[in-house]
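Summarising the annotation, TrEMBL assigns domain 'Alpha-D-phosphohexomutase alpha/beta/alpha' to 71-215, 242-350, 354-454.
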């Protein structure tokens, strides 16, 4: 069939900008200039793309649509934005981002019109981003998509994920919605989108709806390019207001008797921003409150992340922060992830506090403020953490892995009249009822800093690590992975099949001493961990089960948690035990009595499981 060719010209209207905070002090350290690719304030011809009007057949259209749908990552969108990752192709293209942004804008407008019962105009949406080098190009695509949907766009520049949500709350900004462009701790080649309205972050089904809309737009556009940015985004400085918001909280709650305006005077606090978006917390929060931040690390935003992964779970990140705390005799060390929705700390003795330890620390603080409250965590937390919480009068609700699942469970419990003030995942995502149920790494650190100052004012020099000195640690803990051997479009289906087969094997007693775990002694809701999926349960974004494991010698000594990854085509297996050598024993049972016996090893790569079962090494 003959085809005709057309040419589409892109016009971009935007203001030049560098990815730095307005209040950042001058620095001699140079870093990548992450300005927009166009530096003129008015319409500028940018790119010329040839496209064909040849009709798509059904197979091509289905593949085009699947390409967009596969970008959904639970409640986020994530993909490969730059070449350089072995075995991965670029799929988060400007065209894909534009379609998704347009669909989000339409989704926001539809929701507001349904809520208000009338047509709405001048819907305002903000965009923030971390310093990834793909950010400027993809930002233009977001502006274009939101403009196509009829939204007014406000460019926050370099920002944090929590700040994007707070831009919908704090006056005079109070936007109708917000998007954060980030891929958290993933490599520089990746990028993604997180979505917010005034109600909070979107759920997985909501993001699925947006991606379905975007898939249809993308597949039906012969020319995968923007045509015109009719209205340029307005540049706004929200981060200064957000930082002031955090400073005010510290000042008001410490209420220092001698120096109210500088309650951190006399404290040395080291911040490791990992070259992400967290540097603002040093110069715009801590410095202005009187803290000494000498020794802080990697504050300059650098989208190549040259020093280490910006991740409070990363061993290198915690190790260099620990070294800085000890070298400078600091009172506290802080580690942020790239977009600052997670954090970890190091106490004054150099002890890293993340994972279960961080949950325990925040739990202890919250339980003093709200005795008897329920605390929701994901199902990978230890039995010792449950004892730590219950010994302090709290209730521990174990729930599904995934920070959005954990937070949504807390929201649900509060609606049902069950007071739940803290929801926290072992990854460091933590949300508080007092802070709009927002997972904000900076706010969690604010809570810890306030407690640190209060302890000092009460005459204690022990440091915050003393609060969790009685938290026991498991004897063993391991995470193993099994890749799904399948085409990408069938990987999820195969993973679900394997996980459901695991449930059947446990329920039928084929794995001796293994029993599906529910909430144990938690009185909140029977069966949270076995996906009872009753009317009040959240939609299942990834299948998972936890089995508690017992034997004659040790009684109940551990658990096995198996779950479908929402990030990659694999299955994660987490284990913990209070008895030495039992993780390896549980792995052998999983391998011989389930994976091989059921035939699941035909489409699962069990090499890591096999190696650990035989040698005790992950490799």
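Glycine is no exception: its Cβ is also placed from the backbone N, Cα and C atoms.
As a summary of secondary structure, the domain 'Alpha-D-phosphohexomutase alpha/beta/alpha' (242-350) carries 37 helix, 17 strand, 55 coil according to DSSP. Residue counts for the domain 'Alpha-D-phosphohexomutase alpha/beta/alpha' (354-454) by DSSP state, with H, G and I taken as helix and E and B as strand, are 54 helix, 21 strand, 26 coil. Mean per-residue pLDDT, taken over the domain 'Alpha-D-phosphohexomutase alpha/beta/alpha' (354-454), amounts to 94.
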